[in-house]
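Read through the structure below, which is laid out as structure tokens, and then see the notes.
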Amino acid sequence: MYILKLGVVGSAWANTISQFAMFGVLFIYIIWKKLHLSTWDGWSRDCLQEWGSFIRLAIPSMLMLCIELWSFEIGGFLAGLISIVQLGAQAVMLEVSTAAYMIPVGFSVAASVRIGNALGAGDVEQAKLSCKVSILCIVFCAVLTASLLAGLKDVLAYVFTTDREIVALISHLMLIFAPFHLCDAIAGTCSGVLRGSGKQKIGAIINAIGFYLVGLPTGISLMFAVKLGVVGLWSGMIVSVFLQASFLVIYILRMNWEKACQEAQVRAGVKKEDKEPSISQMETSSTGFGIVANGNPHSFDAGYSHVDQDITVGAAILPDVFFSEYHSEHLVFQENPSEASNEVLSTKQLILRRGLVVCIAVLVLLTGVLIRIFTGNG
């Protein structure tokens, strides 16, 4: 930016170089430590299968993060409509909030990984413990961070600017940001818990409602109608994150961890999806000549003793005692995860669907390039 005198373009280049550097270092580390050997068997046609379950988790996860980011970017555009001072203060606050949010991001990722691994392994208690530890730790860290920022409210802005109007406005905003950060940190960590338990869709819905139906409308109203500027915007945002944190904590407290564990094992291929048969399908009754299952009589004369005939659990006869076929149809646990009953696409379907994904990706890239050519300097 300064030595080469590239200005803002230099900042963009620095960010791009850092991203490629991170990719290279991580790739070298994985190869050096051979971390990929226990998790990746190499390229195969199977890599193109079962994208549906992955996408159903990936898109809500993306939205959980992007919804909040987009709302702050919208706030930046709106602040620019008022004055340079308002825009400058909003830009500084966005940088401060991004830096402060790195701690919740760390706990969020840790919670997601720990809880996901525990649920996939069938260890519900460990998942609950990881959830409690992550939330308690982030509350402690967020209180310290918020207290530090509030204490430095009069001097922190000088790191970014020497404009006294912007510094004075930021000093006022810091008093709003301190409680905002506490609620935002709790909400962010709870979002990691939801990602680890496969409840991304719930988190995305709560974020969308919180920011776009509560936070932004309230903030924009205070920003322009009441003429509070960015102070009004952040006041609306603090209402949003407070409601989000409250709803997320309540949802986690009431979450069925056993069901989340079963769903995680199904996604991991450790367990088949347990589709509940209808009452008519499971109707089994004893008769004088045998039993009736699914409407078909079965005699006990085919090698079953009277002891077998009497084995019952409550009013239901044990299916694995009488029918190996009936038992195999409802088998839940499996020795080989690769035998999970998922839809396998044919070669034609793979070419069509995955090719369509590639075309969409290329189209998005070309759209960005064309926009740059026709709206930029070439």
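Glycine is no exception: its Cβ is also placed from the backbone N, Cα and C atoms.
Taken straight from TrEMBL:
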type	residues	note
TRANSMEM	12-31	transmembrane segment
TRANSMEM	100-121	transmembrane segment
TRANSMEM	133-160	transmembrane segment
TRANSMEM	166-190	transmembrane segment
TRANSMEM	202-225	transmembrane segment
TRANSMEM	231-253	transmembrane segment
TRANSMEM	355-375	transmembrane segment
(request) Could you tell me what the rest of the chain brings near the transmembrane segment (202-225), counting residues at least six beyond its ends with Cβ under 8 Å? (result) 60-61, 63-64, 67-68, 71, 74-75, 78, 82, 190-191, 194-195, 231-237, 239-241, 243-244, 247-248, 251
(request) Residue list, the transmembrane segment (133-160) vs rest of chain: Cβ under 8 Å, 6 or more residues beyond ends. (result) 91-92, 95-96, 100, 103-104, 107-108, 110-111, 114, 166-167, 170-171, 174-175, 177-179, 181-182, 185-186, 188-190, 192-193, 249
(message) Same chain only, please: residues at least 6 beyond the ends of the transmembrane segment (100-121) with a C-beta under 8 Å from a C-beta of the stretch. Say none if there are none.
(response) 127, 130-131, 134-135, 137-138, 141-142, 145, 149, 181, 184-185, 188-189, 191-193, 195-198, 257, 260-261, 264-265, 267-268, 270
